[in-house]
Amino acid sequence: MNKCTERIFNGLVKENPTFVLMLGMCPTLAVTTSAINGIGMGLSTTAVLIMSNMLISILRKIIPDSVRMPAFIVVVASFVTIVDFLLEGFVPGLYDSLGLYIPLIVVNCIILGRAESYASKNPVLPSVFDGIGMGLGFTVGLTCIGIVRELIGAGQIFGKQVMPDSYEPLTIFILAPGAFFVLACLVALQNKIKHHLAKKGNEAPQAAGCGEGCASCAGRGICGGHLVSDTKKEEEGA
Amino acid sequence: MNENFNVSSSPHIRDRISTGNIMLMVVIALLPATVFGIWNFRHEDAWILVVVTTAAAVLSEYIYEKLMKKPVTVNDLSAVVTGLLLALNLPPTLPWWMGALGAVFAIVVVKQLFGGLGQNFMNPALAARCFLLICFAGRMTYFVYDGVTGPTPLAELKAGQAVNTMDMLVGNIRGTIGETSVIAIMIGAMFLLLMGVIDLKIPGSYIISFVIFITIFGGHGFDTQYITAHLCGGGLMLGAWFMATDYVTSPITGSGKIIYGICMGLLTGLFRLFGGSAEGVSYAIIISNLLVPLIEKATLPRPFGKGGEK
């Protein structure tokens, strides 16, 4: 597998930001009241992520290490502002329903996380594909949660009535608690599938959601940085 | 090994009373309220909802434990108590499948996912009631008595109308299946008190602090009629005697129980007088459930010889 497709696969499946890395939980829980909101949020983030990864990767040798955070933020904020205006101009409906969460993409930890742990250390092309992979992974995650919540909470998918008229929607699923229920169930489901596949393929089950970027990982205290080296050795060995 | 010299770790004092016994006593204590509720709402076929909800609770516990290959604990009757309490907290006109859904939520999400009996952080029956209340707000606040729809006495009280306190005491009023009759609830509560299953600390401090709150902020002063109506209306009695006293979700220290009761009293008063809806017992109890670990931490008795004044 070449580097670019590997990056996309990594973002979509292996290190899916929503279900595996558990990054960007704030928009994940807040805007996924319907599938279309999930897609809108995911694609906006993807656009910002690709552009910011590209620019940060280009500038990685120019940005001094000591001020890299402010520099990244400036880059990200510029792209978020562009996306913000574009959405307001072309899809005002979506813009209204996403509301405050569009400007909040600036502080989305996926974008800063990828800038810090990948784009600032790698060449341009893999960084762009890393952005595409991570962004699509985020979009898929948000859309899945949005579909389940919309289906149970309103009986619709993408605004179309799919449940019979006699169905009484469980309103709680489009309110805040529903986001937690659905996210937890989907994460449990994908962990189950992952363990099942790992058992089948006789691979050692990968320690939950850890690949690289240990320095910026919130769970470093738990794993103690062991797993990265271990997985890397395994990969090199294979 | 000789039985006389059995070496074991603590506890060394054992009792014949088991979880199953206690739960059985709670079920017996709930019977007067259940029977009265089923009779009271016979035109609405309340018995179907009670039976379905209880059965769904027991079944979901059995199926979950079978699926997860855990020891099956249906025999300790805790699922029966949860299902029955949930049913008593539902309006009689609720479709049966909503009751079943609530029971499954109570057992699977609130109880089993947190580790089963003894590990749940809030009362499963009340959590399920609040779940249903948020899901089906219209259905859960639709009250019928004798074929006539209308507000509960508590809502009438909030609107400033006069209510018949005698009816509220006996239970000939609109409300959820088990909450209407104060007399039937008190018969069960007396039984639990006499059997030593519950003590007065939690319900006592709950009711007293609630009365004080209502007296100060109710705008009627110490009006016996008004206070009695507040005490007999809604789920206060059912909540105070049967749900606030749940062993798992109430503090174990003596002073903690009193603080917990006061918390619930104040919250209930706050929700009833200043909140959007007329009733607030279930939210008051589950919010206080969340405070229990903090209360226990603050009231933990100090071991002899540790700390103290120097």
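Quick reminder: no glycine exception, Cβ is built from N, Cα and C everywhere.
What TrEMBL says about a protein is an automatic prediction, not a curated fact.
What TrEMBL records for B:21-40 (among others) is transmembrane segment.
Per TrEMBL, the feature transmembrane segment maps to B:46-64 (among others).
Within the chain, the transmembrane segment (B:96-114) has long-range Cβ neighbours (under 8 A, six or more residues past its boundaries) at 48-49, 52-54, 56-57, 60-61, 64-65, 68, 79, 82-83, 86-87, 90, 120-122, 124-125, 127-129, 131-132, 136, 139. Feature annotation from TrEMBL assigns transmembrane segment to B:96-114 (among others).
Cβ atoms under 8 Å from those of the transmembrane segment (B:126-145) belong to residues 40-41, 44, 85-86, 89-95, 98, 101-103, 105-106, 109-110, 151-152, 172-175, 239, 243, 277, 282-283, 285-286, 289 of the same chain, restricted to positions at least 6 beyond its ends. Taken from TrEMBL, the feature transmembrane segment covers B:126-145 (among others).
The FMN phosphoryl threonine feature in TrEMBL is assigned to B:Thr152. B:Thr152 (FMN phosphoryl threonine) carries neither a helix nor a strand DSSP state and counts as coil. Taking Cβ-Cβ distances under 8 Å and a sequence gap of 6 or more within the same chain, the neighbours of B:Thr152 (FMN phosphoryl threonine) are B:Phe143, B:Ile173, B:Arg174, B:Gly175, B:Gly233, B:Gly234, B:Ala278, B:Glu279.
TrEMBL lists B:176-198 (among others) with the feature transmembrane segment. Distant neighbours of the transmembrane segment (B:176-198): 22, 25-26, 28-38, 40-41, 46, 49-50, 85, 87-92, 168-170, 231-232, 234-235, 237-238, 241-242, 245; these residues of the same chain sit at least 6 beyond its ends, with a Cβ under 8 Å from one of its Cβ atoms.
Per TrEMBL, transmembrane segment is recorded for B:205-222 (among others).
Under the heading transmembrane segment, TrEMBL lists B:228-249 (among others).
Taken from TrEMBL, the feature transmembrane segment applies to B:258-275 (among others).
Using the rule of three or more Cβ pairs under 8 Å, pairs at least 6 apart in sequence, the transmembrane segment (B:258-275) is in contact with the transmembrane segment (B:205-222). For the transmembrane segment (B:205-222), the residues of the chain that approach it from at least six positions outside its boundaries are 230-231, 236, 240, 244, 257-258, 260-262, 264-266, 268-270, 272-274, judged by C-beta separation under 8 angstroms.
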